[in-house]
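First the structure, in the form of structure tokens, and then the observations on it.
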Amino acid sequence: MKINQVVLIRHGQSEWNTLNKFTGWHDAELDKKGKDEAKFAAILLKKEKFFFDCAHTSLLKRAIHTLQYILDELNQTWLSVKKSWRLNERHYGALEGLNKDEVIEKYGQKQVLLWRRSFDISPPQINIKDKRFPGNDPRYSHLNIHDIPLGESLEKTAKRVIPYWNKIVYPELKNNKKILIVAHGNSLRALIQHLYKIDNKAILDLNIPTAQPIILDFDNEKNPIKWHYLT
């Protein structure tokens, strides 16, 4: 692994991915395929002799467990891991827990695609009395209630992801650390869009597959150059 690279990985397939549900901040488990995907991602990394100094993930177990499977395969289970809500999947608001096909049937393919892929359009929001409100979960008890999302667009997701990159991850990169980030489709989309200046229309077409390592390349000044999938 080169010192000017960062590896991003979306978690393996979850039980709610299989059920075709909007997952968001719901803490879905990896299914068997997702566990196998995580192990295969690690095999790809091992084949290319990747070795990490730092690892980051979200507070959701589908990402945490994916990272654990990868570190186990790489014989790096001892590695210190930083976990942050800022790397969580986007919050899908009132869509969380609903079947995607049923939502399409109700609202139409075009509207659902805008909710899922556009930059600045949020899904319908929940309220703080909704059982899905993350403020009911002790893992978010340290957050100001006004920081807890009720439903996010990609733009809102980016507003929490990018500060984490700037304040936590980028200083590690500047210090030539080899970094692995295991997170979620939309938190990673937000980061890639920010780093590689993808316009708001083009980001509609970016869909990140489960457990497919993404290699971010940086120049010697730690400016992003290009990104590609490891296959």
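Including glycine, each Cβ sits where the backbone N, Cα and C put it.
Note that the structure is predicted; figures quoted are calculated from it, not measured.
Per Swiss-Prot, the features are as follows:
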ACT_SITE  H11  active site, tele-phosphohistidine intermediate
ACT_SITE  E89  active site, proton donor/acceptor
BINDING   10-17, 23-24, R62, 89-92, K100, 116-117, 185-186  substrate binding site
SITE      H184  site 'Transition state stabilizer'
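Listed in sequence order, the recorded positions from Q13, W16, G24, H184, G185 having a Cα within 10 Å of the Cα of the residue listed as 'active site, proton donor/acceptor' are G24, H184, G185. In this structure, the recorded positions R10, H11, R90, K100, H184 were compared by how many other Cβ atoms lie within 10 Å of their Cβ, and the smallest count belongs to K100. On a Cα basis, the residue listed as 'active site, tele-phosphohistidine intermediate' lies 14 Å away from R90 (substrate binding site). If you take the CA of H184 (site 'Transition state stabilizer') and look 10 A around it, the recorded positions you hit from R10, H11, W16, G24, K100 are R10, H11, G24.
The binding-site residues G24, G185 differ in how many other CB atoms lie within 10 Å of their CB, and the one with the most is G24. Within 10 Å of the C-beta of W16 (substrate binding site) there are 20 other C-beta atoms, taking all protein chains into account. Comparing the recorded positions Q13, E89 by how many other C-beta atoms lie within 10 angstroms of each C-beta, the top residue is E89.
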